[in-house]
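Q: Found this in TrEMBL, in case it helps:
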type: DISULFID; residues: C32-C58; note: disulfide bond
type: DISULFID; residues: C42-C57; note: disulfide bond
type: DISULFID; residues: C52-C69; note: disulfide bond
type: DISULFID; residues: C81-C107; note: disulfide bond
type: DISULFID; residues: C91-C106; note: disulfide bond
type: DISULFID; residues: C101-C118; note: disulfide bond
type: DOMAIN; residues: 30-73; note: domain 'P-type'
type: DOMAIN; residues: 79-122; note: domain 'P-type'
type: SIGNAL; residues: 1-23; note: signal peptide
Amino acid sequence: MDQKGIQLLSVILILGLSALTEGAEAPAPCQCAVAPKTRVNCGPPGITAKQCEDAGCCFNSKVPGVPWCFIPLARKYKKVCPAEVKLRKNCGYPGIPAKVCKARGCCFESRPPAVAWCFYPLLVEEG
């Protein structure tokens, strides 16, 4: 392949990789609580804090000899039974027993009448 072809492929690769990181959501502070020895590198040497965070990674330059731009911990979610009736999504059938509903991993509340009593929990992000 000639020099121009290699340059063109390089530009396309760089643009494609930058599009993947563009608009990445910044991690929550609790996701950046990674022990320095277990950090996994998330950027090239010399990356700035802004570039690192814009890529959805964590930045901490306080510990020398370990990656400063690193992959955050995975987000954690917990299941919460919605208190508001409008948020209930049916998970059962009319007359479903509480035990059967809960065995499905769903929430059960037999009040008020005429709404789903067996319903899916909501996933809420922890932290």
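Cβ coordinates are placed from backbone N, Cα and C, and glycine is handled just like the others.
Heads up, TrEMBL stuff is auto-annotated, nobody curated it.
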Q: Take the C-alpha atoms of C58 (disulfide bond) and C91 (disulfide bond) and report the distance between them in angstrom, rounded.
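A: Computed Cα spacing between C58 (disulfide bond) and C91 (disulfide bond) is 38 Å.
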Q: Out of C32, C69, C91, C106, C107, give those disulfide-bonded residues positioned within 10 angstroms of C57 (disulfide bond), comparing C-alpha atoms, in sequence order.
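A: If one measures from the Cα of C57 (disulfide bond), the disulfide-bonded residues that come within 10 Å are C32, C69.
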Q: Taking the Cβ of C106 (disulfide bond) as centre, how many other Cβ atoms lie within 10 Å?
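A: Excluding its own Cβ, the number within 10 Å is 23.
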Q: Return the single residue from the disulfide-bonded residues list (C57, C81, C91, C101, C118) that has the minimum number of other CB atoms within 10 Å.
A: C81
Q: Are there any residues in the same chain, six or more apart in sequence, whose C-beta is under 8 angstroms from the C-beta of C52 (disulfide bond), and if so which?
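A: In sequence order, C42, G43, C58, F59, W68, C69 meet the Cβ cut-off.
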Q: Counting only residues 6+ away in sequence within the same chain, which have a CB under 8 Å from the CB of C107 (disulfide bond)?
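A: Counting only residues 6 or more apart in sequence, the Cβ neighbours of C107 (disulfide bond) under 8 Å are C81, P82, C91, C101, C118, F119, Y120, P121.
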Q: Measure from the CA atom of C106 (disulfide bond) to the CA atom of C32 (disulfide bond) and give the result in Å, rounded to a whole number.
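A: That separation, Cα to Cα, works out to 32 Å.
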